[in-house]
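Q: For reference, the structure I am asking about is given below.
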């Protein structure tokens, strides 16, 4: 198949974030989605243990009202199913990812030298820059939004870039490792329902486990401590739920406060709205309505839509430089493995397969090494150039280069016999008589050399060593 043949791929297949997709892009998870297995086990494990306990109690002939165990079991399984459902709804949907931009935003802002404290986003060309932050108005309040260097856009208000998922997320709350997903505008209500249902389930199992112990204490007429020692399964559930409820219960209380004040976890830790008015606060009822009863905004990304693989790669590689002066896409991103499975696009638009061994190299370090080698080469050339001037202007005695360059060439021009070098190229040891014209050239070289180095000819060479040839008698007639 020709490399220039157009290939259509779905957006999720060339997505540059760290997300994992299932079911053809219908389900989107974070890079740490494997934590879902642990979370599921932590939910289902105690639920199964509680089911076993209640079932054995219902089958025990000594139980006075076994039918009461049926509704208890039903409620526990309803809470468990809801908990798993909210967990999956939180972790498997788009949290509100902001689509990446392929080119930086157009701006008319010019660099202002009078505001040195202003931060700018710029390329290597300092004349063309865009501001790091800009002001937008939200409900009559001025809010600063930042420019995202990765997504090449100004983040919407309340959005932030998640370093784990490598995406900007609307109304970013936090990245939850227990659900393996960012918590944003499109899954926050499910996240709150997940932690609140988990809290309810823990309290429910904790309470009925104690009731089982007390019922044994009453039925068998034994002490409470003896009843505890005989009911090991209930003991395990009590300890587990007691520990767990401090975590999920604390989160539920904290996020209940955030909902009532219309804050996110990110804003609560970063800003202090008690010192200034919260531009998003609509009152307690308005805030609750916004979280639970308002319509969830649709996803801004159509992950199942088709895109041209080559065009998408070119758009990601060839970031325009009209605003930044240079591309903001690094050399490592130009040869990106996540997009095309190790393919590189040349200037004509043709795509080529990159060898496996070259796919994980750090090209930025290679470029830095090349730049250092270029600088060293330039310094060596510069040193060699001055050394060449030194050899031309300060001639050591019996130097074949001197006799060939000045003596022989001069004699060839004047038709005179040099005597500075023998016909077979060996030094004869004879001094060369230099004409007035050549002596003036040599003295000019000496003056230029001493002026450039800031020292007298007799002081020595570049490295400070004494130059015994600087006052050679050969420089005299």
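For all residues, glycine too, the Cβ spot is worked out from N, Cα and C.
Since this is a predicted model, take the numbers as computed values, not measurements.
Copying in the features that Swiss-Prot gives for the protein in this structure:
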| type | residues | note |
| --- | --- | --- |
| COMPBIAS | 378-388 | compositional bias 'Basic residues' |
| COMPBIAS | 467-477 | compositional bias 'Polar residues' |
| DOMAIN | 146-196 | domain 'DHHC' |
| REGION | 101-120 | region 'Disordered' |
| REGION | 374-477 | region 'Disordered' |
| TRANSMEM | 32-52 | transmembrane segment |
| TRANSMEM | 68-88 | transmembrane segment |
| TRANSMEM | 190-210 | transmembrane segment |
| TRANSMEM | 236-256 | transmembrane segment |
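What's the neighbourhood like for each of these?
A: Residues 43, 46-47, 50, 53-54, 72, 75-76, 79-80, 82-83, 86-87, 89-90, 93, 173, 176, 179, 183, 234-235, 237-238, 241-242, 244-245, 248-249, 251-252, 255, 259, 291 of the same chain lie 6 or more positions beyond the ends of the transmembrane segment (190-210) yet place their CB under 8 Å from a CB of it.
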Q: DSSP helix, strand and coil counts for the domain 'DHHC' (146-196)?
A: 9 helix, 17 strand, 25 coil
Q: If you average pLDDT over the domain 'DHHC' (146-196), what do you get?
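A: A mean pLDDT of 95 is what the predicted model shows over the domain 'DHHC' (146-196).
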Q: Near the transmembrane segment (236-256), which residues from the same chain, at least 6 beyond its ends, have a CB less than 8 A from one of its CBs?
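A: 42, 46, 49-50, 53, 191-192, 195-196, 198-199, 202-203, 205-206, 209-210, 265.
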